[in-house]
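I have placed the structure first, in the form of structure tokens, so that the comments after it can refer back to it.
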Amino acid sequence: MTKRFSASLFILGTISFLIILISVVHHATWVIHFDTLIRTGIRSLSSPLMDTVSIAITSIGNPYSIMTLTTIVTLGLLGFKQWSAASFLVINMVLFSTLNHFIKMSVQRPRPPFHHLVYAGGYSFPSGHASGALLFFGTLSILVYYLIRQRVWRKIAIGTCLILALCIGLSRIYVLVHYPSDVLAGFLLATACLGGSWYCFIHFKLLHLKES
């Protein structure tokens, strides 16, 4: 079940990401319409309170924040002798964050020409905050699936992780530092990476977890 599901995540994530990548590189009309529609909808919620909340949420996805969270969780897993879980998390974050950076430098899409509510340097596609958040919280969700057997708590934990990742991605659109297609591409890239990594860990029997 999990092996088939992880393979599906990898295949669907990869194909969908490549479609958006090619469309962005070739300035496809549908991408422009999509970006305008989603950005307009999200920015229609603009208010001083939403500004404050969005800036706070987007800060959770900052590289330093994600690195700190990764370190804390990794040390916690090592403390409980969850060696393979710690390896799974670190490999996902290091290798696939590097891949995201490589794609950014290859595509070199400029950031949206609007007044940004937070500082954002570098290129826009794909969103590093979106991919990093889903890589981190998605990996946590996979580990929770194995480590927590009480269904209610497992669903709550996984739901919380995925909602946090989604909110971080949406906040990048709200603060005007990313096009919606950047964020969607970041999510899809992370989905493909998570699916591929998860499949490999299952196939080669590398996930040896001690249930709580």
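Cβ from N, Cα, C; glycine included.
As the structure is a computational prediction, the values presented were derived from the model and not from experiment.
What TrEMBL annotates here:
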- 7-33: transmembrane segment (TRANSMEM)
- 53-78: transmembrane segment (TRANSMEM)
- 85-103: transmembrane segment (TRANSMEM)
- 86-198: domain 'Phosphatidic acid phosphatase type 2/haloperoxidase' (DOMAIN)
- 123-147: transmembrane segment (TRANSMEM)
- 156-177: transmembrane segment (TRANSMEM)
- 183-202: transmembrane segment (TRANSMEM)
Rank 85-103, 156-177, 183-202 by Cβ pairs under 8 Å to the transmembrane segment (123-147) and hand me the top one. 183-202
Count the CB pairs under 8 A between the transmembrane segment (85-103) and each of 7-33, 53-78, 156-177, 183-202, then give me the winner. 183-202
Same chain only, please: residues at least 6 beyond the ends of the transmembrane segment (156-177) with a C-beta under 8 Å from a C-beta of the stretch. Say none if there are none. 38-39, 42-43, 45-46, 50, 54-55, 57-58, 60-61, 111-112, 114-118, 120, 124, 127, 129-130, 133-134, 136-138, 140-141, 144-145, 148, 183, 186-187
Reported in the order helix, strand, coil, what are the DSSP residue counts of the domain 'Phosphatidic acid phosphatase type 2/haloperoxidase' (86-198)? 85 helix, 0 strand, 28 coil
